[in-house]
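**Student:** First the structure, then my questions, so here it is.
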């Protein structure tokens, strides 16, 4: 759980020895992997040109689940805010999208972005209530608020009340960019919508991972890790714990809301039960993060792949599948609390997204005993 | 008289919520563990009672008497072998393990008993009612409320008057020192969870006889229990009873205005209390 323990280098050693010691935040491997990752993203962006619609839809699902997982990971694994109510922001984003498109006639792509803003706005009063509760009570508190959201949206008769509603067909077909895609690539409307939502999901994932990686390597990221590991000590050192947590809460709400809106743009059918589903938007996400490795950037990537493979392999077994996921998460938490990636990383020392600052000795090697003056 | 009757029914409903909450409150008070599978364990106990009733053709109250020690055993084993491993400074493991457990129990019940709604038949008691002055109340709701009071009194007696209760309080205050005094915290924790499961069985008896339930009914029960505990304030069982009553009254009042607002009104009452008194109405513990 303690990924950033070696956060600050001992100042005496660094100060006394000057250039012989340096703080390393990236390795050759991580730089190489960064290039590979960008190349993989670009390659992935080409999928709609050669793959079938089914493959593109599967990839879209994986990408959106990964965005949700990274957001929950940032909340729980780094900010120590264990929320069981992230379905609130998925649902709010999705309902905002439907209301912008159906009631106001906005372009769906623009509406997706605005839906994220709406989710972020919802998160402010939510935080006001939820932050009065701590630890496990925060968890159930967020869940209660998500339930309130579900019940309130079920009252909104213009969007179908408890039974929900569908997006009008032409709304997505007239979306910005669809006409262009149809003309230049000769795609059919449905395929063009799939391709466009897929690309937006890809951009969203890149933005999420980029934001997260930069945040965790920054001064604020150190503050965040310090707050998670020992809030009292961090505050004594001048970290504004409440502000850090609130910022992370609102940012993840924004990204989660966008993901919810995008997911329901692709589904084109909404109901309060589905959009505010604890199982779909929180249980699965928690299992992905826990099995992959909470508190690591790599973990959720591993987790989402395991999740997708298991879902395909066990889809015909109904609820046994969820039962197995739950059991796997329990076993992981008990015996490998840092998940599959933690296991692999501990054995090999590989970190693809290093966020730790590691104190390394410079080129001028001395004996093995002690430091320069030791 | 209509409003008076609504409030009275709400108070009686609060007894059921207090029963849901008492086990949660007990476990939290002793080991600071919030069991996210609490609601699913209530539903699990309801299915156990239902199975006993239909298999042995006995009265549900007698079935609950048989189910209680079984549930005690399940709680003991669960705590001793699984949940004790997760206790510590970090709050993440117990939360995630009990969340996983909740999903496992729900889907296990779904596989074993299908998604059909069930009900435990209590015979003629179901429809029996009593007139109290201008009010009238069903016998089952009255029994529920009486049981809730009985459970709170019994738990308080146990905690403040017996050797086991002393061990509970000592462990709750300071695990390490209690250990030095010859108390085995792991066993104390297991006993506490076992006891909570006995309360859960009583809650399940009334859940099953008063309304229908299905394998996915657990999370909502957990939320009601949690709201009752927070409204009442941590660490006080009488507070939990009061919290249940406030929640019940809020729900029946909401339902009287618009049937769709029942659950929502309960949540709103909870949020209002959180706004005005973040530590609950009758707090005792300092968490």
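Using the three backbone atoms N, Cα and C, a Cβ is placed for every residue, glycine included.
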**Student:** Labelled transmembrane segment by TrEMBL, one stretch among A:112-131, A:132-151. Can you tell me which?
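**Tutor:** In TrEMBL, residues A:112-131 carry the label transmembrane segment.
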**Student:** Tell me which of A:29-47, A:48-66 corresponds to the transmembrane segment entry in TrEMBL.
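**Tutor:** My reading of TrEMBL: the transmembrane segment range is A:29-47.
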**Student:** Would you please say which range out of A:226-245, A:246-265 has the annotation transmembrane segment in TrEMBL?
**Tutor:** A:246-265
**Student:** Taking pairs 6 or more apart in sequence, does the count of Cβ pairs under 8 Å between the transmembrane segment (A:285-309) and the transmembrane segment (A:246-265) hit 3 or more?
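**Tutor:** Stretch pair does not touch.
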**Student:** Does the transmembrane segment (A:246-265) reach the transmembrane segment (A:112-131) with at least 3 CB pairs under 8 A, where each pair is 6 or more residues apart?
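**Tutor:** As far as Cβ distances go (cut-off 8 Å, pairs 6 or more apart), the transmembrane segment (A:246-265) and the transmembrane segment (A:112-131) touch.
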**Student:** Short question: most Cβ pairs under 8 Å with the transmembrane segment (A:29-47), which of A:88-106, A:112-131, A:196-216?
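**Tutor:** Ranked by Cβ pairs under 8 Å, first place goes to A:196-216.
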**Student:** Go through the chain and flag residues at least 6 beyond the ends of the transmembrane segment (A:112-131) whose CB is under 8 A from any CB in it; none is fine as an answer.
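**Tutor:** Residues 83, 85, 88-89, 92-94, 96-97, 100, 106, 138, 141-142, 145, 149, 200, 242, 245-246, 249-251, 253-258, 260-262, 265 contact the transmembrane segment (A:112-131) from elsewhere in the chain.
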